[in-house]
Amino acid sequence: MFDTLYEWFWWERIWLPVNLTWADLEDREGRVYAKASHLYVTVPYTFAFLLIRYLFERWIATPIAVSAGIKQRVHLKAEDNPILEHYYITQCRNPAQADIDGLSKKSSLSVRQVERWFRRRRGQDLPGVLKKFREASWRFVFYLLAFIGGIVALYDKEWFYDTREVWTGFPKQSMLESQYWYYILEMSFYGSLLLSVAFDVKRKDFKEQIIHHLATLVLLSFSWCVNYIRIGTLVMIVHDASDVLLESAKLFNYAKWEKTCQSLFVLFAMVFMVTRLIIFPLWLIHCTWVYPVQHYPAFFGYYFFNVMLVVLLCLHIFWAYLILCMIRKFMFGTVSLLYKNCLSSINFSKSVLMGRKYLSGGNHTKAQKHTSNMFRAVVESHHFTDIWRMHNPTSKDYTFFSARHLTHSCIDYILCSSELKAMFHTIAIEPAILSDHNALITTCHCDVLGKRSRRWQFKS
C-alpha cells in the first residue's frame with residue numbers, strides 16, 4: 001500500500017505537463033536540475049538556524065538592547081495555587097465575576113486576592129520588550145542578508161526584468177548555484193520559524209503567521225520539485241523587500257525612537273502596498289497564470305501553484321488592512337495630541353482631570369506627561385495626601401481594568417488636605433461589579449479633629 005501511495009504521489013501528471021516525465025529532468029548535457037532529495041538538507045539547516053538564532057539573541061541582540069536602554073521587565077510572581085492554576089490553564093485567563101466568586105470559595109481566598117492572583121499570573125505570561133527586540137533583530141538580520149543575496153543572485157538575470165523569460169525553455173532550465181543556496185536557506189529559515197512559533201511572542205495574527213509559513217514552505221517545495229525555481233526566486237525577493245523595513249521599524253519602536261519608527265513604518269507600508277498588492281498579483285501571479293499555458297497545457301500542478309499564490313495574496317490583503325489600521329491610529333493619535341495640548345492651555349481643570357493618571361506608572365505621550373506634571377504640581381502645592389497610599393506605602397494595586405487592552409491601572413484616588421488625613425482610619429479597594437472601576441471604601445472618624453472653636457465676634 002505504501003508503494004502505491006508513493007507512486008500516486010509522484011505521478012507525472014500531477015507534477016509535470018503532458019508528455020514530460022521525471023526522466024526528462026535527469027542531469028545530462030551539463031544541465032543540473034533540482035530534485036526532491038535535495039530538500040532533505042533543509043532539516044539539519046533548520047536546526048542549525050535555531051542554534052545560530054539562540055547564540056545571536058544571547059550574545060549580540062541582548063547587548064545591543066541593553067545599550068539601547070531596553071531591560072527585562074520583572075513581573076510579580078503569582079503565589080502557587082493549584083486550583084487557580086488549573087483554571088487558568090484549562091478554562092480562561094480572564095475569568096468573569098461569577099467565576100471569580102466561585103474560585104474564591106474553592107481556594108479559600110477573598111475575591112480581591114483571586115483578582116490579584118489572575119492579574120499577576122497574566123503578567124507572568126506577558127512577553128517583555130527585551131524578548132521582542134531579540135526576535136525582531138534576528139529576523140531583521142536574516143531578511144536584510146536574504147534581500148541583499150537575492151539582489152546579487154538576480155540582478156544580471158533576464159527574467160528579473162522580463163517575466164516572460166521565466167518560462168523560456170521550461171522545464172529544461174538548469175539550476176544555478178546561487179538559486180540552490182537561495183532556496184535552501186530561505187526554506188530552512190521558514191522551517192525554523194515554524195518550529196519556534198510556539199516559543200515566540202504570540203501576536204494578533206498568530207494563526208495567519210502559521211498559514212503563511214506553511215503556504216511558503218509548500219510553495220517553495222513544490223516549485224523546487226517541478227523546476228519553478230525562477231518564479232520562486234522572484235516571489236521570495238518580493239517578500240523580503242518589505243520584511244526588512246517592518247523588522248527595523250519594530251526595533252526602533254522597542255527602543256522608543258518614535259519618530260524613526262513612524263518614518264520606517266510609513267516607508268514599510270508604501271513598499272508593502274507596492275510589492276505585495278501591485279507587483280505580486282499584477283506581475284508574478286499574472287506571470288504564473290497567463291504565460292505557462294502558452295508553452296504547455298494546464299495541469300494539476302499549474303492550478304495548485306496558482307491557488308497557493310492566491311492564498312498568499314489573501315494574507316497580504318489581511319495584513320494590508322492591519323497596516324492601514326495602524327496608519328489610522330497614527331493620524332488620530334496626532335489629532336488627539338493636538339487636542340490635549342489645546343486643553344492644557346485653555347482649560348486647566350480638564351487638564352488636571354486628564355493628569356490624574358500620573359500614579360499608574362504607564363507609558364505616556366508628551367501631552368500626557370505635561371498634564372501629569374501639572375496635576376502633580378497641584379497636589380504638591382496644596383499639600384494633598386493620597387489616603388490609600390498613606391495606608392499602603394509599599395503595596396501595588398489597581399482600580400481600573402481595560403477590557404480592550406487587558407491592562408490594569410490606578411486612576412481613582414481619595415485626596416485630602418494634610419489637616420484632615422488623621423480622620424481616615426482604613427481604606428480598601430473593592431471588587432469591580434457593575435463598573436470597570438473598583439470602588440474605594442474608607443472609614444473616617446470626625447471626632448479626631450476635636451471640637452471647633454466658636455467664631456469670634458466683636459462686641460462693644
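Even glycines carry a Cβ here, placed using N, Cα and C.
Remember, TrEMBL labels are computer predictions, not curated facts.
The transmembrane segment annotation in TrEMBL falls on one of the ranges 2-20, 211-229, namely 211-229. Residue counts for the domain 'Homeobox' (67-122) under DSSP, helix first, then strand, then coil, are 33 helix, 0 strand, 23 coil. Long-range contacts of the transmembrane segment (211-229) within its own chain (CB-CB distance under 8 A, at least 6 residues past either end) are made by residues 15-16, 25, 33-36, 38-39, 170-171, 173, 175, 179, 183, 186-187, 190-191, 193-194, 197, 235-236, 239, 288, 301, 304-305, 308-309, 311-312, 315. Long-range contacts of the transmembrane segment (264-291) within its own chain (CB-CB distance under 8 A, at least 6 residues past either end) are made by residues 163-164, 166-167, 228, 231, 234-235, 238-239, 241-242, 245-246, 248-249, 252, 305-306, 309-310, 312-313, 316-317, 319-320, 323-324, 326-327, 330. Taking Cβ pairs closer than 8 Å, the transmembrane segment (303-324) reaches residues 204-205, 208, 211-212, 215-216, 218-219, 222-223, 226, 228, 235, 268-269, 272-273, 276-277, 280-281, 284-285, 288-289 in its own chain, all 6 or more past its ends. Confidence annotation: the domain 'TLC' (131-332) carries a mean pLDDT of 89 in the model.
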